[in-house]
Structures are given as C-alpha cells and as structure tokens.
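Summarising the annotation, Swiss-Prot assigns site 'Discriminates between blocked and unblocked aminoacyl-tRNA' to ASN13 and lists sequence analysis as the type of evidence. Here Swiss-Prot flags TYR18, TYR69, ASN71, ASN117 as tRNA binding site. The feature active site, proton acceptor is assigned by Swiss-Prot to HIS23. Annotated site 'Stabilizes the basic form of H active site to accept a proton' per Swiss-Prot: ASP96, in sequence order, evidence recorded as sequence analysis.
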Amino acid sequence: MELPVRLVVGLGNPGEKYASTRHNVGFDWLDRLASSQRVAFTLETRFRGLCARIMLADTDIWLLKPQTYMNASGMSVAAVCRYYKIVPEQMLVVHDELDLQPGVIKLKSGGGTGGHNGLKSIVADLSSQVFWRLRIGVGHPGDRNQVVDYVLHPPRREEAALIDEAIDHSMQVWPLIARGDFAAAMQRLHTRQEN
C-alpha cells in the first residue's frame with residue numbers, strides 16, 4: 001500500500017464559459033465526489049481555489065478546484081500542500097486526457113505531463129512529478145492544431161454519456177484510492193475497461 005490520499009485536485013477553468021467543457025472534467029469529477037460525500041466547496045482566497053474537506057477513517061482529505069485558470073493551477077496546489085504539509089505522493093490530480101478515448105479512465109503515478117498545461121504548472125510549482133493522476137479520457141480531435149479549441153468545447157452527447165459512466169465507475173473505486181490501495185484500485189478500474 002502507498003500513502004493515503006490527503007489532497008484531491010480537480011483541474012479545470014473557472015467560470016460559466018468553461019463549465020461542461022472537456023478541459024473541465026476534473027472539476028466535474030470532484031463535484032461528483034463532493035456531492036456523494038455531502039460537502040460543499042467554499043472559496044479559500046489564500047489558496048486561490050474552491051475547497052472542501054471530507055473525512056475517511058479519521059483522516060482529513062482536502063478537495064481543491066484551483067480558480068487560477070489551468071495554466072497556473074500549480075500556484076493553488078502548492079499553497080495547499082505547503083499549508084497542510086502534504087507531500088506530492090499524497091495527492092491525486094484528476095484531469096482530462098486527450099490520449100484516452102471518452103469513457104476510459106486510467107490511474108497512474110508520476111510520468112510526464114503529456115502537454116497538459118495544468119500538469120505542467122503543478123510539476124513546476126511542486127518540483128515533482130511523483131503524484132497520482134486520474135486521467136479521464138476525452139478523445140483527440142485528430143489534428144494537434146485543433147486541440148485548444150477541442151478541449152474548450154463540451155463533448156458530444158454520446159461522448160458525454162461515456163465520460164459520465166466512467167466517472168460513476170471510478171466513484172466505486174474511490175475508497176481504495178483514498179486509503180492508498182492503488183494496486184487494487186487500478187486492477188478494478190482498468191479491468192472493467194478491458195472487457
């Protein structure tokens with residue numbers, strides 16, 4: 001078993017303009033988790049983000065939706081980590097993933113940023129790549145010149161349904177992730193998608 005999770009970061013952009021876009025699936029995932037735990041987000045100006053707290057086995061787990069816009073997410077994440085003395089290995093970042101098809105979710109530790117500006121910002125501000133990522137597939141437009149426009153638009157109805165279903169499944173795996181049983185979480189999460 002790894003270290004239990006103490007911080008879950010959902011990546012996205014603030015404001016109605018970006019709500020329901022592919023780039024905001026990290027926010028959507030975190031909203032679903034907060035709703036299931038019956039907690040609400042409040043603005044914490046010192047962290048430049050919307051925060052909530054849940055408890056699991058007498059451990060505080062902080063939920064964070066940075067309000068800095070994607071490219072500066074690391075500033076918000078680093079502030080929370082410093083304040084609560086959370087090391088990167090105790091953090092899960094939930095984000096959109098172009099390299100996975102809609103409906104596919106993968107859990108992994110460390111690795112590169114895959115060109116994701118939110119991840120780049122977090123890596124730069126924490127000086128570490130060693131944190132857990134829950135990668136939610138949104139598909140790829142097929143042309144890298146169309147990526148920015150693609151992620152800043154909502155998924156098509158059938159893609160949204162697949163993403164929703166995958167998020168629902170990942171919520172069933174959440175307790176394993178939270179307590180640091182990542183091997184079991186990956187097995188359950190990834191096996192379902194191979195059938």
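Glycine is no exception: its Cβ is also placed from the backbone N, Cα and C atoms.
In terms of C-alpha distance, the listed recorded positions ASN13, HIS23, ASP96 place ASN13 closest to TYR69 (tRNA binding site). There are 12 other Cβ atoms within 10 Å of the Cβ belonging to ASN71 (tRNA binding site). According to DSSP, TYR69 (tRNA binding site) is assigned to coil rather than to any helix or strand. Taken residue by residue with DSSP, ASP96 (site 'Stabilizes the basic form of H active site to accept a proton') is part of a strand.
Checking each of the recorded positions (ASN13, TYR18, HIS23, ASN71, ASN117) against ASP96 (site 'Stabilizes the basic form of H active site to accept a proton'), the C-alpha distance stays within 10 Å for HIS23. Distance between Cα atoms for ASN71 (tRNA binding site) and ASN13 (site 'Discriminates between blocked and unblocked aminoacyl-tRNA'): 9 Å, as a whole number.
Around the Cβ of ASN117 (tRNA binding site), the same chain contributes MET70, ASN71, each under 8 angstroms and 6 or more positions distant in sequence. One way to see the shell of the tRNA site is to take the Cβ centroid of TYR18, TYR69, ASN71, ASN117; the remaining same-chain residues with a Cβ within 8 Å of it are ASN13, HIS23, THR68, MET70, ALA72, SER73, GLY118.
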